[in-house]
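Shown next, in structure tokens, is the structure this report addresses.
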Amino acid sequence: MNIQVLPEHKLSSVAPLKQFNVEKKEVELILVKEQNGVQYTNSSVVASPSSRGCTPGSAEDVARETWGKKMDFLLSVIGFAVDLANVWRFPYLCYKNGGGAFLIPYVLFLFIAGMPLFYMELALGQYNREGAATVWKICPVFKGVGYTVIIIALYVGFYYNVIIAWSLYYLFASLTSELPWLKCNNPWNSPNCTEPQHINGTVLGNRTSYAKRGVLHIHESRGIGDLGLPRWELAVCLIVVVFILYFSLWKGVKSSGKVVYVTATMPYIVLLVLLIRGITLPGAMNGIRAYLHIDLKKSQIPTQIFYSLGAGFGVLIAFASYNKFENNCYRDAILTSTINCVTSFFSGFAIFSVLGYMAHQHQVNVKDVATDAGLVFIIYPEAISTLPGSTFFAIVFFIMLLTLGIDSSMGGMEAVITGLSDDFKILKRNRKLFTFIVAFGTFLIALLCITNGGIYVLTLLDKYAAGTSILFGVLIEAIGVAWFYGVDRFSEDIERMTGFKPGIYWRLCWKFVSPTFLLFVVIASIVTSGELRYDDYVFPPWSNTVGWFIALSSMLCVPIYAIYKFLILPGTFKEVSKHTRVNFQQIPCFNLIIH
């Protein structure tokens with residue numbers, strides 16, 4: 001057999017070495033077999049025993065699927081990070097928490113927590129080329145946090161797909177010459193319904209909400225203990241959403257990378273159309289002034305930046321694991337996180353210009369129309385309905401919501417699929433079937449959220465499934481990378497990929513600033529967790545117990561797996577040291593655990 005010896009810097013297609021940092025390598029023969037009369041060989045580049053770093057270069061890595069184009073990856077990350085919260089929650093939180101004053105701590109925490117963690121996850125996934133669970137081959141004792149984020153991503157899919165189904169339902173309802181929420185002659189209207197032009201004093205007056213009665217039928221439920229059967233109209237919309245997700249993901253990033261060219265770009269076109277129309281309306285500037293009004297007394301810690309960027313769901317790790325090894329993940333992190341935050345800020349102008357117009361029309365203050373729960377599905381649709389050409393604007397608005405939700409949900413499902421497929425190879429070999437099982441499984445649980453009392457189930461999941469638990473997961477993730485795997489070692493990994501080490505700013509954030517911020521936020525979220533409400537409905541005490549059980553079901557994966565590794569499996573310390581090259585005797589906090 002003739003083996004062609006390549007120059008040292010070309011030996012590995014996974015981890016090409018930079019000329020300025022060439023280390024002595026050896027070629028290791030991994031597999032020699034004969035099949036159908038043809039011999040197959042696979043080899044990898046391994047570091048010499050004296051090498052400090054650990055460069056991945058297995059035969060499996062060579063065969064790993066990659067994005068068709070760099071733009072596929074960028075649009076997928078942007079599409080996941082820019083979701084419904086960017087046009088729904090951020091503008092409202094900015095307005096409620098001091099307007100322009102909110103932007104000061106928002107930008108601060110973007111730089112000290114949001115962006116560093118975003119960068120960390122992209123680098124972690126790209127270097128190790130694994131999903132959220134198996135990426136912890138760098139420090140196996142922390143593999144439990146991988147399962148934590150996978151479970152959280154799965155939980156989010158149970159209710160997030162329902163919100164997308166609402167958007168689809170509204171889109172179908174908008175395909176008419178007269179929007180259904182304009183009149184009082186519908187069977188779901190209450191007896192005291194009044195037409196929009198008679199509104200006086202408050203934004204809705206005594207008119208019944210289309211969202212609550214026409215879509216959710218919440219008036220037919222007495223609470224979370226009285227759900228009823230799933231509504232067939234929403235069930236059909238949910239099925240359509242699930243099938244869109246399945247056929248977008250079943251072939252991996254080769255298929256999902258093409259879908260995002262539509263789903264990730266469409267929202268920007270629609271936002272631009274809505275903004276241009278909005279600023280031309282009377283009263284628009286009143287809405288924008290209310291949006292940006294500076295009130296230092298109301299300014300609060302903007303944990304929204306953390307949820308907005310999407311760190312901690314395993315999605316960024318999964319997406320980055322399909323990158324080429326030498327991809328500049330630092331530039332990607334800066335670019336995509338900046339686009340996400342600018343989109344949030346920009347969307348506020350489109351939203352509040354229309355809300356200012358609505359307040360002007362009804363002769364009320366902007367604060368009377370700017371409400372959190374009803375901003376997207378109650379207030380904004382009603383505002384659109386008063387515009388000339390309301391049907392057109394309603395259609396494009398709900399197309400925007402639909403595309404915003406689809407690519408974010410695609411990211412969450414990809415995190416689950418990639419994370420478990422990398423851990424269990426049988427799932428990877430049967431990706432299409434596994435993707436269908438995940439999609440269909442989320443559909444079955446989501447049926448609880450489209451019953452008459454489904455909004456209560458959705459509210460419960462929204463608070464507990466990805467609240468404190470996701471903050472906890474990223475905190476442990478940051479500690480595992482920065483303190484156990486080591487910031488210096490992690491920086492060397494990034495240098496092997498990009499050719500340069502992260503600066504002192506990033507290393508300080510990873511090791512000290514970001515974990516401290518996350519610890520503070522985790523404690524604050526637990527301490528300030530009060531009774532659960534939806535409008536005037538107060539959830540019974542047992543529902544909060546169920547909620548904390550849901551949160552703990554993912555969080556407990558961290559200690560349970562650690563106990564499993566240390567107390568049940570022999571030689572765990574040697575295994576951890578082998579993968580991480582950590583001398584545990586030199587880690588004070590670990591000595592406490594050992595002794």
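Glycine residues also receive a Cβ, built from the backbone N, Cα and C atoms like all the rest.
According to TrEMBL, the features are:
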- Gly79, Ala81, Val82, Asn86, Ser308, Asn340, Leu404, Asp407, Ser408: Na(+) binding site (BINDING)
- Cys184-Cys193: disulfide bond (DISULFID)
- 73-91: transmembrane segment (TRANSMEM)
- 103-124: transmembrane segment (TRANSMEM)
- 145-172: transmembrane segment (TRANSMEM)
- 229-247: transmembrane segment (TRANSMEM)
- 259-285: transmembrane segment (TRANSMEM)
- 305-322: transmembrane segment (TRANSMEM)
- 334-358: transmembrane segment (TRANSMEM)
- 378-404: transmembrane segment (TRANSMEM)
- 433-458: transmembrane segment (TRANSMEM)
- 464-487: transmembrane segment (TRANSMEM)
- 508-527: transmembrane segment (TRANSMEM)
- 547-568: transmembrane segment (TRANSMEM)
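Neighbour count (other Cβ atoms within 10 Å of the Cβ, all protein chains): 29 for Leu404 (Na(+) binding site).
Among residues of the same chain six or more beyond the transmembrane segment (433-458), those with a C-beta under 8 A of the stretch's C-beta atoms are 154, 157-159, 161-163, 165, 216-218, 220-231, 234-235, 238-239, 242-243, 245-246, 249-250, 413, 416-417, 420-421, 427, 534, 537, 539, 543. Within the chain, the transmembrane segment (305-322) has long-range Cβ neighbours (under 8 A, six or more residues past its boundaries) at 64-67, 73, 76-77, 80-81, 83, 85-86, 90, 106, 109-110, 113-115, 117-118, 120-126, 128-132, 135, 146, 149-150, 152-153, 156, 252-253, 329, 337, 340-341, 344, 408, 411-412, 414-419, 422, 466, 470-471, 473-474, 477, 521. Most Cβ pairs under 8 Å with the transmembrane segment (547-568) belong to 464-487, among the candidate stretches 103-124, 145-172, 464-487.
The separation of Ser308 (Na(+) binding site) from Cys193 (disulfide bond), Cα to Cα, is 37 Å.
Contact count against the transmembrane segment (259-285) (Cβ pairs under 8 Å) is highest for 334-358, out of 229-247, 334-358, 464-487. With Cys184 (disulfide bond) as the anchor, the candidate binding-site residues are Gly79, Val82, Ser308, Leu404, Ser408, and the one with the nearest CA is Leu404. Counted over residue pairs 6 or more apart, the CB atoms of the transmembrane segment (145-172) and the transmembrane segment (464-487) come under 8 Å in at least three pairs, which marks the two as touching.
Remote same-chain partners of the transmembrane segment (229-247), defined as residues 6 or more beyond its termini with a Cβ less than 8 Å from a stretch Cβ, comprise 161-162, 164-166, 168-169, 172, 215, 217, 255, 406, 409-410, 413, 435-436, 439-440, 442-443, 446-448, 450-452, 454.
Between the candidate recorded positions, Val82, Cys184, Cys193, the densest Cβ environment within 10 Å is the one around Val82.
Below 8 angstroms of C-beta separation, residues 77, 94, 135, 299-306, 308-312, 316-317, 319-320, 329-330, 332-334, 336-337, 341, 345, 474, 477-478, 481, 490, 493-494, 497, 502, 506, 509-510, 513-514, 517-518 of the same chain, each at least six residues beyond the ends of the transmembrane segment (103-124), sit close to that stretch.
Listed in chain order, the extra residues whose Cβ falls within 8 Å of the Cβ center of the Na(+) site residues Gly79, Ala81, Val82, Asn86, Ser308, Asn340, Leu404, Asp407, Ser408 are Ile78, Phe80, Asp83, Ala85, Ala264, Pro267, Gly310, Thr343.
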